[in-house]
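**Q** Below are the features listed in TrEMBL for this protein:
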BINDING   B:E51, B:E83, B:H86, B:E196  Fe cation 1 binding site
BINDING   B:E83, B:E135, B:E196, B:H199  Fe cation 2 binding site
Amino acid sequence: MLKRLYHSSSHIGSNTIINNNLIESKIFNNAIKLIPKYGFSKNCINESIKNLKYSDSLQSIISWQSDKSYEFQLMLYFLKQKRQELENFTKNTKVEGVDEYEKLSKLIKYRLSLNSPIINELSQGMSQLILPYNLNESIDELYNLSDDLAFYSGDKSHSFDWYAKRFTIGSIYVKSELFMLNDTSENFENTQEFVDKKIDEFKMLSDTYNNIEQWAIFNGISLINLIKSQLIRG
Amino acid sequence: MSKQYFIRQFSSSIRNYSSAKLNSSQIQYGPLSKAQQAFLDRIIRVDQAGELGANYIYMGQYFVLSSKYPHLKPVLKHMWDQEIHHHNTFNRLQVEKRVRPSLLTPLWKLGAIGMGMGTALISKEAAMACTVAVETVIGNHYNQQLRILMNQYNVDLINKETGEKVEKDDLESVKLNTSPELAELKNNISTFRDEELEHLDTAIEHDAEKAVPYILLTEGIKLICKGAIWSAERV
Ligand SMILES: [Fe+2]
Ligand SMILES: [Fe+2]
């Protein structure tokens, strides 16, 4: 659990999310562009290899990487790539806000906006994440995202609230993403409103230390059930 | 082989000829290995928890003893202030280096304040014996960490301009061998270790050894501290 490591400031390259020089990164990066056409599928990866004029045998590179299905690997790579884009965003833009919560809300909205090119295929990708044998890696990646969101928004907690915060941010993110799947408003305005509302609740509750703990525990239980019911409906 | 040998000789003689030693702005430190990162992660988590414990132990002692024994007030306050500084330093590092704090932090707070107040309520000598035990364990622990940081943190240095590996002799100063990040950490740990050992001396000067039963008290507390360190590194 929680396998995130010490972040170094002097030792460049200790904490890279994605190494774009690797051949499999090139295949995945190109495949993500093809998702609107082929979906989160094995075929999408094959088409990407063809498209790059690589030899068909390179498919095996992907299966050497892990014993997971191509579909799941593509989804996981997509999540890491977007997390990398979020990191680049925070390096190039100063995220303004009166407090941590306002910054957090902006960061979540930015991350969600990266879903829009593939919004019609997203539920297909997400259903890969909640398969029981994929759940561990999915939760690790969700935790990485919440930790990034907490850090970029300026979190400075040292105690149990550190855990409660990451947990709550993760669940707000997932709920907002599920909301986005069915949102037909222009520029996903309704989703943005939804994020603001959830962050307001979070801010109100975290004024009391005990409440945030209880709230996080309650949310944890209902979250997995919520994801399942939403994906079946959607 | 001979050809390569000549190339190497040649390039190193050019290097010596130009004799421009590299300064800090010209070099870059290579990445840390996963194992090196994992150890730093643990160091910061356990030291943060340890200094939190020390901070709360002195808080408990101060609360009980400062009004009863006015002459101890400045002594305790001085040590407590140093612990607050140690604790704040690791809090800052935990946030900056994005280290997960110990999940048991609420428990450390309770335990430490209980240990501080509890021993102080027995007697002022028992409180000092508690300090002896805690500082002995922490001092040793810091020494172990320093040994590993000295010996197992060699990374490649890269010339920013050429992208080539830099040899140690080409550096302006041997100090550049260690990144500012690790130098700062080692510096903090060794300063703190020295201060912990001062606390140990202070406690002995204030009759820690007269506490009854001294051995039982100190050995018991040492065991508790070692158990706490073991858990805080992991959980
Ligand atoms: Fe200390
Ligand atoms: Fe101390």
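Don't overthink the numbers, they just go from 1 along the chain as shown.
Every residue gets a Cβ built from N, Cα and C, even glycine.
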**Q** Which of these binding-site residues (B:E51, B:E135, B:E196, B:H199) have a C-beta closer than 6 Å to some atom of ligand 2?
**A** B:E135, B:E196, B:H199
**Q** Where the distance is taken from Cα to Cα, which of the binding-site residues B:E51, B:E83, B:H86 turns out closest to B:H199 (Fe cation 2 binding site)?
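**A** Closest recorded candidate to B:H199 (Fe cation 2 binding site) by Cα: B:E83.
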**Q** Which number gives the other C-beta atoms within 10 angstroms of the C-beta of B:E196 (Fe cation 1 binding site), all protein chains shown included?
**A** 26
**Q** Would you mind checking how many other C-beta atoms are within 10 angstroms of the C-beta on B:H86 (Fe cation 1 binding site)?
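**A** Result for B:H86 (Fe cation 1 binding site): 24 neighbouring Cβ atoms inside 10 Å.
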**Q** Which binding-site residues out of B:E51, B:E83, B:H86, B:E135, B:H199 lie by ligand 1, going by a Cβ under 6 Å?
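**A** If the test is a Cβ under 6 Å from any atom of ligand 1, the answer is B:E51, B:E83, B:H86.
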**Q** How big is the Cα-to-Cα gap, in Å, between B:E196 (Fe cation 1 binding site) and B:E135 (Fe cation 2 binding site)?
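**A** If we compare the Cα positions of B:E196 (Fe cation 1 binding site) and B:E135 (Fe cation 2 binding site), the gap is 6 Å.
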**Q** Just counting, how many other CB atoms are there within 10 A of the CB of B:E83 (Fe cation 1 binding site)?
**A** 23
**Q** Reported as an integer number of Å, what is the Cα distance between B:E135 (Fe cation 2 binding site) and B:E51 (Fe cation 1 binding site)?
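**A** Answer for this pair: 11 Å between alpha carbons.
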**Q** Give the three-state DSSP assignment (helix, strand or coil) for B:E51 (Fe cation 1 binding site).
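**A** Reduced to three states, the DSSP call for B:E51 (Fe cation 1 binding site) is helix.
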**Q** Under 8 Å Cβ to Cβ from B:E51 (Fe cation 1 binding site), same chain, six or more residues apart: give me those in sequence order, or none if nothing qualifies.
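**A** Correct list: B:E83, B:H86, B:H87, B:T89, B:F90, B:F192.
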**Q** I need the neighbours of the Fe cation 2 site defined by B:E83, B:E135, B:E196, B:H199. Which other residues of that chain put their C-beta within 8 angstroms of the C-beta centroid, in sequence order?
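**A** The surrounding set, listed in chain order, is B:A54, B:M79, B:Q82, B:T131, B:V134, B:I138, B:G139, B:E195, B:L197, B:E198, B:L200.
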**Q** What is the Cβ neighbour count of B:E135 (Fe cation 2 binding site) at a 10 Å cut-off, with all protein chains included?
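**A** Excluding its own Cβ, B:E135 (Fe cation 2 binding site) sees 24 Cβ atoms within 10 Å.
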